[in-house]
């Protein structure tokens with residue numbers, strides 16, 4: 001009979017009855033005594049106990065192990081899998097840590113039960129519990145393609161290879177004390193294997209000269225053990241029990257799995273049939289396991305003969321690394337329980353162990369203790385980071401300072417060797433900040449009324465800070481904590497950029513790459529301003545000082561050359577034209593260093609002849625650069641002691657110094673005095689000195705009435721007014737009336753005796769009023785002429801401004817609103833006509849070429865049609 005009809009998609013069916021009898025089950029009582037699962041069974045007990053997937057049942061037949069003891073750990077792009085070796089079947093369990101996107105290398109710390117992975121999309125190294133909980137990123141900076149990752153559970157260290165950076169590194173398991181072990185004679189390192197008991201590490205390199213190498217685990221004594229009949233060595237596995245090393249080759253002409261002794265001898269091919277694209281490789285018990293990227297499967301074979309090849313699992317795409325894990329395997333730490341007495345890193349080697357320091361840090365003479373920071377290092381900004389390159393060590397590798405505060409667009413920086421502080425600007429956040437040399441204790445010292453601060457200079461003697469503000473066309477000064485802020489130059493500025501100082505004499509120098517490019521000089525208080533260089537100059541981006549020879553060096557990004565001149569702009573010479581697009585420049589000892597936007601590198605030449613050009617390791621678009629060394633900040637001036645007696649600002653000059661007060665809006669509760677130790681308040685309006693154009697820095701402005709004689713009395717301070725001189729008769733000489741004029745009868749008014757007021761003034765010469773009237777008319781005429789010239793120039797700009805049809809490169813201008821680098825085309829005559837250049841990125845198509853790696857390349861999203869590969873690629 002038909003019970004019902006018209007129902008679609010009918011599947012399963014069950015019958016339910018309320019009168020159905022309940023059946024007694026031994027599992028109803030205390031779960032049958034099973035720790036996990038109780039199942040009905042026809043055995044004499046009527047039931048049996050079972051465990052979750054991959055977990056072994058213990059000998060009592062009721063209790064399950066808490067976790068897998070032996071298993072395969074598999075990296076599979078967006079997740080990680082565990083495949084138990086404890087049970088007679090193969091089934092994988094998924095681990096899903098947070099924020100994992102493209103994991104290609106994995107391993108486990110068997111002591112703490114943590115899984116580690118390298119993510120090439122996030123460019124991070126992370127870790128979590130074995131169930132995926134409590135995930136965290138432990139290394140997030142200065143990583144590119146971490147093809148190989150291995151955990152030394154005995155020595156409590158983490159090792160990895162970076163194909164993009166062409167190096168091998170080590171760090172503590174929390175990511176601290178990071179050190180580059182190998183950076184030379186290494187091309188495209190990939191798989192990695194560790195042998196803590198013997199103190200060796202092994203790795204594959206599929207670069208121009210494919211090979212398998214080994215070294216001590218502290219990075220010493222590198223040697224090649226396999227370099228023939230090898231092309232793309234991918235996976236690597238170590239069998240410490242039998243002293244054999246296994247690897248798989250993914251090249252179409254070398255598809256195989258082979259093994260050698262640990263010294264590279266007695267090579268033997270194990271598998272060369274039915275193998276298509278092996279990638280990951282590991283060894284467990286009597287077997288070797290590998291991932292086949294083309295077959296989407298995991299294979300197994302006998303480790304001695306290569307026979308009995310079977311598929312462990314199939315239809316599992318995106319397989320990458322694989323690692324056999326034994327959670328019960330332990331060993332003896334060569335460094336003991338006290339880290340070998342080392343202050344930072346203790347690394348094993350065949351002779352025992354050695355102490356090591358983080359990258360760039362010097363090991364002291366006791367061979368156990370590391371310095372806190374390098375004594376001398378290059379400091380530079382790369383927009384989102386501040387980095388250093390130590391000059392204390394031979395590696396010259398960049399290290400990102402671990403600054404807690406977010407950096408959006410760092411442009412310029414300087415340092416203070418007295419308090420070991422780094423000062424830098426962020427033109428997107430519009431702040432000036434400072435941190436310790438090690439990146440700690442960051443603080444914002446100025447956060448208001450900033451436009452685009454592209455130049456920064458620390459007065460280590462007077463404890464002041466100078467900066468150029470391109471957005472507001474000003475040069476300002478403040479105390480190092482940001483207080484007592486004052487504008488010292490705010491006229492005739494167009495695009496001020498780099499600024500350097502010479503505190504011994506109280507000089508500031510700055511570049512201006514605006515419509516009329518120039519390099520200028522002034523006193524610390526902004527007076528005695530003069531132009532040093534204005535000819536054959538386009539984009540003077542970088543500027544630095546040689547304090548020993550008293551010379552300036554600057555880099556021109558338009559003319560692509562490095563030049564030098566003395567402090568007066570004389571004896572100018574070209575050092576080198578072998579530059580692409582320099583930005584920042586600095587000096588130390590006999591070498592000049594600069595950042596180059598075009599080559600994305602830091603380069604250097606000899607400062608005397610511009611020869612012996614060198615390029616430091618690494619690729620980065622550096623901004624400003626400084627050589628941090630106490631040898632760069634020496635000397636003294638009157639402001640060094642008690643701030644010169646000034647209440648707020650003490651500003652050095654070639655002859656003494658002056659006290660200055662903050663601008664009105666930046667004054668504090670203290671009474672400011674222009675006299676050292678004086679109580680007088682400053683006048684409400686601060687008047688800066690005019691621009692003085694002289695042929696010599698020591699030449700005085702010429703008087704219209706002849707040569708000016710030096711005053712007969714010398715003051716103790718430039719702001720102290722000297723007492724009025726007297727004649728031999730004791731009469732006070734009136735101001736404006738000399739004794740000679742008095743005798744000639746050119747003074748008017750009465751002469752009083754000493755101690756009384758003086759009312760005699762110099763009598764006006766005949767026709768003086770005519771000169772005054774002519775002067776006023778001439779001034780009005782000049783003002784009108786200037787207005788006409790400005791209007792005409794603006795009209796010409798709007799009418800005739802053009803860009804070159806072919807742009808070779810451009811000079812950066814920083815937009816604090818959009819946080820983009822806005823840039824000008826070369827030979828562009830109009831400073832306001834610019835276009836925007838996005839951040840430097842490696843196009844996806846070109847990234848595929850760079851990797852030359854099908855495993856990773858296929859995991860990348862397809863490139864836009866506008867992005868074409870650099871060259872035809874081959875399958876790895």
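Every residue, even glycine, has its Cβ placed from backbone N, Cα and C.
The transmembrane segment annotation in TrEMBL falls on one of the ranges 769-792, 793-816, 817-840, 841-864, namely 769-792.
In the predicted model, the repeat 'LDL-receptor class B' (156-198) has a mean pLDDT of 96. Listed by sequence, the residues of this chain that lie at least six past the ends of the repeat 'LDL-receptor class B' (243-287) yet keep a Cβ under 8 A from its Cβ atoms are 70, 72, 74-75, 85, 191, 193, 195, 198, 200, 202, 204, 212, 214, 224-226, 229-237, 293-295, 299-306, 309, 319-324, 326, 854-855, 875-876. Mapped onto DSSP classes, the domain 'EGF-like' (638-673) shows 10 helix, 8 strand, 18 coil.
Broken down by DSSP into helix, strand and coil, the repeat 'LDL-receptor class B' (243-287) contains 0 helix, 24 strand, 21 coil.
Within the same chain, residues 148, 152, 155, 159, 161, 168, 170, 181-182, 185-193, 248-251, 253-254, 260, 262-264, 267, 278-283, 288, 290-291, 303, 321-322, 324, 334, 347-354, 356, 855, 876 sit at least 6 positions outside the repeat 'LDL-receptor class B' (199-242) and bring their C-beta atoms closer than 8 Å to a C-beta of that stretch.
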